[in-house]
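Student: The structure that follows is given in the form of structure tokens.
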């Protein structure tokens, strides 16, 4: 693992954590009683610093999923590609999946390096910037074995210390679940404002169960949900054009879930083996196979998302 500097403590959960003064790491600390009382839970000054840094970023979008393996990083990368193409929008893609940074490989930047303690990031194209902990590792096979506080410190550095410049969109790819990374990015961007979250699922109920937990997370932290994308939604045969349900929506899929919860279904992206191949090769599927049903689905989703992102958060907050 690379020795990546961070200002987060090694074991302390932090004074703003719900575990402050209560975790096993707090035993014997002279401040344990004060932390447990809540007296030290003052706002993190980084929130205001990040607010100032993000003042030049118009739209901030999180991509979430409750379960791994649903194509969230693939969607994040292609969402960034789609937003940055055609109309000269300035876009950045931030990978905060600290333990599983796959974005560098997906966008064709594996092996790129950025200097620590600088504002430098990497570019896929002139108007598409990317930042990931993967750029700070000595090898793509290096494991990042960190506790929550160090992850939080790294996310803080990404948001506060990287010179993002003037952006139309910042797309944030997150790991699966509702844990440290999610709480950190929502907290640190709370002052800057987040347009909302795009939630990725697949049609089967085992995925939808975890997605409902993700939606509940958004409700608890008051994070607006822009909409839901059903990924791997059928397979369209490139020859006969018939659709086969590889993962049958046994309980109605994302469409029924959205109807029940009052959310927007942004679109359904069909399975296409060429998407996986383009990710392995670090290429944009939208450029490689622009006339495919999956590429058309991406464009429809982007158009819906672009419209919704202009709506004030209070109007689409769940």
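Glycine too: its Cβ is placed from the backbone N, Cα and C atoms.
Quick paste from TrEMBL:
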type	residues	note
BINDING	12, 26, 29, 35	[4Fe-4S] cluster 1 binding site
BINDING	66, 67, 68, 69, 70, 71, 72, 73	ATP binding site
BINDING	237, 240	[4Fe-4S] cluster 2 binding site
COMPBIAS	14-23	compositional bias 'Polar residues'
DOMAIN	58-227	domain 'AAA+ ATPase'
REGION	1-23	region 'Disordered'
Student: Other than 66, 67, 68, 69, 70, 71, 72, 73, which residues of the chain come within 8 Å of the ATP site, judged by Cβ distance to the Cβ centroid of those residues?
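Tutor: Along the chain, the qualifying residues are 65, 176, 200, 202, 207.
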Student: Among the binding-site residues 67, 72, point out the residue whose Cβ has the most other Cβ atoms within 10 Å, with all shown protein chains included in the count.
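Tutor: Comparing the binding-site residues 67, 72, the most crowded Cβ belongs to 72.
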Student: With every protein chain in view, how many other Cβ atoms are within 10 Å of the Cβ of residue 237 ([4Fe-4S] cluster 2 binding site)?
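Tutor: The Cβ of residue 237 ([4Fe-4S] cluster 2 binding site) has 9 Cβ neighbours within 10 Å.
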Student: Which one of the binding-site residues (12, 29, 70, 240) has its C-beta surrounded by the most other C-beta atoms within 10 angstroms?
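Tutor: The residue with the most neighbouring Cβ atoms within 10 Å is 70.
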Student: Return the residues near residue 73 (ATP binding site), defined as same-chain residues 6+ apart in sequence whose C-beta is under 8 angstroms from its C-beta, sorted by sequence, else 'none'.
Tutor: 95, 97, 102, 103, 106, 173
Student: How long is the line from the C-alpha of residue 67 (ATP binding site) to the C-alpha of residue 29 ([4Fe-4S] cluster 1 binding site), rounded to the nearest angstrom?
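Tutor: Distance (Cα to Cα, whole Å): 36 Å.
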Student: Near residue 71 (ATP binding site), how many other Cβ atoms are within 10 Å of its Cβ?
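Tutor: Excluding its own Cβ, the number within 10 Å is 21.
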